[in-house]
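Trainee: Here it is: the structure, laid out below.
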Amino acid sequence: MVPTYRPFVEKSVVQRIEATPIDCFLSPADKLRGVFLQKLIGKAAVESALTAIAVDLTFEVMAEVLNKGNLGGEAMFNFFNWAVKQPEIDKDHRTYNIVLKAVGRRKFFSFMEEILYQMKGEGINPNEETLTIVMDSYVRGRQVRKAIQFFGRLEEFGSNCTTESFNVLLKCLCKRAHVRSANSLYNKMKEKIPIDTETYNIIIWGWSKLGRVSEIERNFEAMVSEGLNPNSLSYGYLIEGLGRAGLVSDAIDVFNRMETVGCVPDVYTFNAMISNFISIGDLDECLQFYKVMIQKNCEPDHTTYTKLINALIKARRIADALEVFDEMLSKGIIPTTGSLTCFIEPLCCFGPPYAAMMLYKKSKKMGCKISRKTYKLLLMRLSRFGKCGMVMKMWEDMQDSGYSSDGEVYEYVVNGFCNIGQLENAMFVMEEALGRGICPSKFIYSKLSNKLLNANKVEMAYKLFLKDKALIGNSSCH
């Protein structure tokens, strides 16, 4: 039996506005960002205004100011210089790295270097994370030459051109598909900087992403000729590259040969093989490798389960997908918010919502944060099947999670009630939506209106018409 719908009760927004000063609605980060809207002239004026805000400054608040909004480079630089003068903010790698990442992401490269000079002046030398942030910012901003030049200038900033810093640069280049530049730089620098297994692995990884088997094998041979032993990661990249080139049988041969050369397959290697079998649609072999993985005491990780479950769901092998999902949870591996959304989205495109609800309930019980998109997908599917009791519970869960209702959410709920003939409840929900200034689509409005007329509920249909007409007069509805 479907319970009678009762609108969610909220405090009057008008009352709250009347009783509360406007700035109480703003977060500490918004208040601090607001200083820069005043276009104050001079560093002293800006710092004085920031201090006058009198917020409880924490690392998290500082990070929010820098990462959100649309502050310019100078504003971010001035805010950071004020923040590090406050006793609550430590002058350490964590603090400097957060501002470097923020200015680098927005391509404020001159300010990025200025901050690096400040770091050096404070006696804080760049660590590996710092170098990764700076080099990746240049590469992501299509400033590959500047990234390479920065590596050559590391001593200016209190660092050195070592194997570790060289590997960081190569990794940033390969990550952004600049493997040719990475390979060329490697050939130029290999006589000047000691090369290790990780260096070769990074180059092999870069070529494997492109499926360039000849380049992978050439670097493999060069590694061995240098007296360096390929490790499980090296073989994992080789197997990945072979799979991308469509040479899955060769990848199997490499995998089977690993133990004979004293290299035990690890989770990355198994994941590479599973990906290869997924690419050719051989899910039975995927599951077989998954079982072998467990037998060899190689614990599957989040990537293993995500690949398997996604592939099984897309192939509509739902029972197998649910079984693997249960095994994942039994090992204490909780799906990420994004992974769960990827699992549920295809499940909401075919068949009843049973499997999608199973994943939702079990994930929520394990503490997984549910995305707004997941809630809306489930509401849509449940309403289509007329599961109105479940729709109402899902809607309540969604609001409890802090998500507000938009037009689509109201449409799904109204549609669900219409599908089972609960027209009074559908009308209540529609009235709440219209009362909040939300206009459901023409389709849902027409569906409810026609059903009311067909059920001889002419007064309700006319009432709906008047409310909708009044709202149309004040907005761009329909």
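Cβ from N, Cα, C; glycine included.
Positions annotated as repeat 'PPR' by TrEMBL: 92-126, 162-192, 196-230, 231-265, 266-300, 301-335, 406-440.
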Trainee: Cβ under 8 Å to the repeat 'PPR' (231-265), counting only same-chain residues 6 or more beyond its ends: which ones?
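Mentor: Residues 197, 200-201, 204-205, 207-213, 216-217, 220, 223, 271-273, 275-277, 279-280, 296, 298.
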Trainee: Taking residues 6+ outside the repeat 'PPR' (162-192), which of them lie with a CB under 8 Å of any CB in it?
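Mentor: For the repeat 'PPR' (162-192), the far contacts come to 128, 131-132, 135-136, 138-140, 144, 147-148, 151, 154, 198-199, 202-203, 205-207, 209-210, 215.
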Trainee: Quick test of the contact rule: Cβ under 8 Å, at least six residues beyond the ends. What residues does that give for the repeat 'PPR' (196-230)?
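Mentor: Non-local partners: 163, 166-167, 170-171, 173-174, 177, 179, 182-183, 186, 237-238, 240-242, 244-247, 263.
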